[in-house]
Amino acid sequence: MQTIIDCFSALGVQIRDLIAQGDTHYTQTQNTSGDIQLALDIQSDQLIAEALLKLPSVKAICSEENGEITPANPQANLLVAYDPIDGSSLLPGNLSVGTIFGIYQDAFEAQNLIASGYILYGLRLEMVTAYRHLEGAFLQRYDLQKQAWSDKETLKLQTQGIINASGGTQKEWTDYHKAMIDELFNCGYRLRYCGGMVPDLHQILLKGGGLFSYPTTAQQPQGKLRKLFEVFPFALIFQQAGGMATDGSQELLSLPTRHIHDTCGCFFGSQKEIQYVYQIYKERQWLPFQ
Ligand code: AHM
Ligand code: MG
């Protein structure tokens, strides 16, 4: 498992360099979700696939940019799901993006997720990892002078935060979702939302808490964010950091996966805010946040 994480540490530096070259042109191709791909989506996807497929511990890989699972070593038991550049539509605007990955044992199922991580291509290069068997989420920064990753720093969420990062199309929100978001603002929460789940969730982790939401709507009844590449990896990170992660009715890491590109509504945050999400989504009406 650690060799896979080390592989992503090295890939992060390469992808950071690729992004810095400044090519933001779109290709003529679409990924499985129907998004038009940037050349960088394809290049970084290939870079990651080539590196992972060389590792003896990897049984198979799947990417947000590909429709199929790619088999590797049949004797191995680790499966890797990754999103090479999440939020790549932000690249032309020179905003931060990230790579997300999840390492699964034997099957691409939430219960089998044994470690996950993300790399943030921001003003600095940073990486956060979490392990199923270890409490905490671990932050590392890339030291440009030493050309090496720093030692790990443990991230821990407080029980309540101050950030409200509310995603999705507002006019499509249910009344009770809107009431919940409004109530948090009325209670003093601040809007911090850039439209990339890696920087948006990273900020909540670094600032000690808050709520990130990307709900289901009538137009997107299964939500937008993908379970294997985006939702489950962040769910593990938030849970191990002392926070919570839900789809509104159950823990994200208890959801089944029927297809590698399955999506769901999702909420990540500190405990108090997620408990409020559970209450609101159970009652489907405004309730005070206390
Ligand atoms: P992508 O993987 O196609 O880049 O989409 C994922 C991104 C997330 O980072 C972000 O939270 C969300 O899409 C925002 O989507 P939208 O702008 O459609 O609301
Ligand atoms: Mg993505």
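Yeah, the Cβs are placed from backbone N, Cα and C, and that goes for glycine too.
Bear in mind that TrEMBL entries carry predicted annotations, made automatically and left uncurated.
The domain 'Fructose-1-6-bisphosphatase class I N-terminal' feature in TrEMBL is assigned to 27-133.
Taken from TrEMBL, the feature Mg(2+) 1 binding site applies to Glu64, Asp83, Ile85. Here Asp83 (Mg(2+) 1 binding site) comes close to Ser63, Glu64, Glu65, Thr99, Ile100, Phe101, Arg226, Phe229, Glu230: these same-chain residues lie at least six apart in sequence, with C-beta atoms under 8 angstroms from its C-beta.
Taken from TrEMBL, the feature Mg(2+) 2 binding site applies to Asp83, Asp86, Glu230. There are 28 other CB atoms within 10 A of the CB of Glu230 (Mg(2+) 2 binding site), with all protein chains counted.
Under a cutoff of 8 A between CB atoms, and with a sequence separation of 6+ in the same chain, the neighbours of Tyr193 (substrate binding site) are Ala165, Ser166, Gly167, Asp200. Secondary structure at Tyr193 (substrate binding site), as computed by DSSP, is coil. Annotation comment: TrEMBL describes Asp86, Gly87, Ser88, Ser89, Tyr193, Lys224 as substrate binding site.
According to TrEMBL, the feature domain 'Fructose-1-6-bisphosphatase class 1 C-terminal' maps to 164-281.
Only Glu230 of the binding-site residues listed as Ile85, Ser89, Tyr193, Lys224, Glu230 bring a Cβ under 6 Å of any atom of ligand 2; the order follows the sequence. Highlighted here are the binding-site residues (Ile85, Ser88, Tyr193) whose C-beta falls below 6 Å from ligand 1: Ser88, in sequence order.
Calculated from their C-alpha atoms, the gap between Asp86 (Mg(2+) 2 binding site) and Lys224 (substrate binding site) amounts to 13 Å. In this structure, the CA atom of Lys224 (substrate binding site) is 16 Å away from the CA atom of Ile85 (Mg(2+) 1 binding site).
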